[in-house]
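First the structure, in the form of structure tokens, and then the observations on it.
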Amino acid sequence: MDWSVVFSDALRSGIGPIAAVYALAAMGLNLHFGYTGLLNFGQVGFMLVGGYGLAVTVATYDGSMWLGVLAGLACAVVLALLLGVPTLRLRADYLAITTIAAGETLRLFYRSTWAEDVTGGVFGLQRFASDFYDLSPIPRGSYGVWLVEFNSRDLWVMIVGWALVVLTGALLALLVHSPWGRVIRSIRDDEHAPRSLGKNVYAYKMQSLVLGGVIGAVAGMLQAIQVQSVSPDSFDPAVTFFLYTLLVLGGAGRILGPVIGSILFWFVLTFLDSALRQAIDAGYISPDVISTSEIGAVRFALVGLALILLIVFRPQGILGSRKEMLLSER
Amino acid sequence: MSDDHARTPGAAARPRLAGTLPEPGVPKPDALLVLDGVSRSFGGLTAVRVDHLEVQRGAITALIGPNGAGKTTLFNIVSGFDRADGGRWWFDGHPLTGRPAHRVARHGLVRTFQLTRVIPRLSVRENMLLATSGQRGEQLLPALLRPLWHGQEREAGRRADELLERFRLGQLRDDYAGTLSGGQRKLLELARALMARPVMVLLDEPMAGVNPALTQTLLGHITRLRDEGMTVCFVEHDMDVVMGISDWVAVMADGRLVAEGPPHTCARNPSVVDAYLGKRHDEPGTPQGQE
């Protein structure tokens, strides 16, 4: 059993492009859930319209990448307005129901035969990412330090991805520590108080929903670029629950919560995957107990176990404050 | 000085109300809030049906009545937290009928709640700052540029500290509001309402669940507000509390305004006695008895 391979796999996953994508999407969700108290269970829907906005513009209509980015962002704004207008005046649970349904509806809609001419149906779209990779200043090849190694394409996505994470983090930090953020945080605890003090709570919730959704759409575009294809089934509802998992893991309502959460989530997930694989190959675990094809399911079961332990022993997450969390339970 | 005021409540406002007849719906010499034909029913139950009510500027008006009389419902309607089925109302000459809560507050009519609504995960000082009106930093884009709102924020901070000192919360200003005791929350909510620079405050049972010593403190604060020119209207069901400080009392029962007048006339008014103690045919055991 080769531990250096296990660590190499886990590290690569923890700092890799997909961890950046999930960190970014979870930062949008953090603005919704962690700061405004909006229960958005359809963040994957924002990722979907972002990714498809880019892919459809470039692959179907031969537009430029930048036009595609704009289209993706515009789709996210429209989606947020469509979701928010009817539900944000209602209690929080209605938004939860609406968003979870909307995410799934969007996926089915984009994969339908009716939309196939535009979205590529179940096959999705490919060949829209070359503009992005042409911008890369990194010469072709493979780069590595210590245990990890990436090819030039992944490295380029990683650099852009983590740069976006840093930028978004800075933007959100400025926002939540401003008077705007104070209103947002007060809505999270009790929306009647800010209303009685002259704050248009509905407008603030809408701004939060749009902004967090747009951040989700950027994550969706980055994911589409990284795998160089979009297909409806890569945007299934489980993605939203992974986002919640890593948000709770890192600490909701903390700027770095989703970043730490995403890195750790992917590190642990890949660590378990690789370690189980190695252990089976080396004969430490009999194939009768866990076969190689079952590893995918077992690692999620173990992540679930870790989450249960986290909720029991550190419910506020890694960065969260327990004191603050207890105050919200009145 | 302030002791004198406490002993002779309504020193400023009472003379102006002296000629006003103690009748329900009577016009006031200088009415700030005017309600006309306001009604609200929940299913078959008529919670509020107030034909006419005027609230005098610069006075303390108490809205009293037994539980279920519709006082809080009326408050909720006027402050935009509930909608009325009918009727119209004006504040300082502006029609407020059907305005959402935040618009009502921006007109200078600020309310508090029966169950205090401090924001537990903001500090005491942040709770105060939240109430500042017209902050540039509360808009999404200017919020990103600290120099645009920093000066305004510092100004608001000074005012918040002053108010916190006045309400003896200065030492707690950096604590989470969620750690405050029930009484401290009442004080913070009142201080926060003042931070919004209201013309009139609507206090929903400010003395509910508060110990006698703090009740006196709160009464002192309310009297001082009136003496500084603020209009105060509060809901209360304890008659004793009301008698001491109000300049005018309006009595509600079963959703209607049954009596109005200076405190001492109200206490003797037969319809008030009926409302509190029940008429003979309303005694428990009769089929028409209401809950």
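Even glycines carry a Cβ here, placed using N, Cα and C.
The transmembrane segment feature in TrEMBL is assigned to A:12-31, A:38-59, A:65-85, A:155-176, A:209-226, A:238-256, A:263-280, A:295-313.
Using a Cβ-Cβ cut-off under 8 Å and counting only residues 6 or more beyond its ends in the same chain, the transmembrane segment (A:238-256) has close neighbours at 22-23, 25-26, 29-30, 33-35, 41-44, 47, 100, 103, 169, 172-173, 176, 188, 262, 264-265, 303, 307, 310-311, 316-320, 324. Of the ranges A:12-31, A:38-59, A:65-85, A:209-226, A:295-313, the one with the most Cβ pairs under 8 Å to the transmembrane segment (A:155-176) is A:12-31.
Under the criterion of 3 or more C-beta pairs below 8 Å, with sequence separation of 6 or more, the transmembrane segment (A:38-59) and the transmembrane segment (A:263-280) do not qualify as touching, having fewer than 3 such pairs. Under the criterion of 3 or more C-beta pairs below 8 Å, with sequence separation of 6 or more, the transmembrane segment (A:263-280) and the transmembrane segment (A:12-31) qualify as touching. Counting Cβ pairs under 8 Å to the transmembrane segment (A:65-85), the stretch among A:12-31, A:209-226, A:295-313 with the most such contacts is A:209-226.
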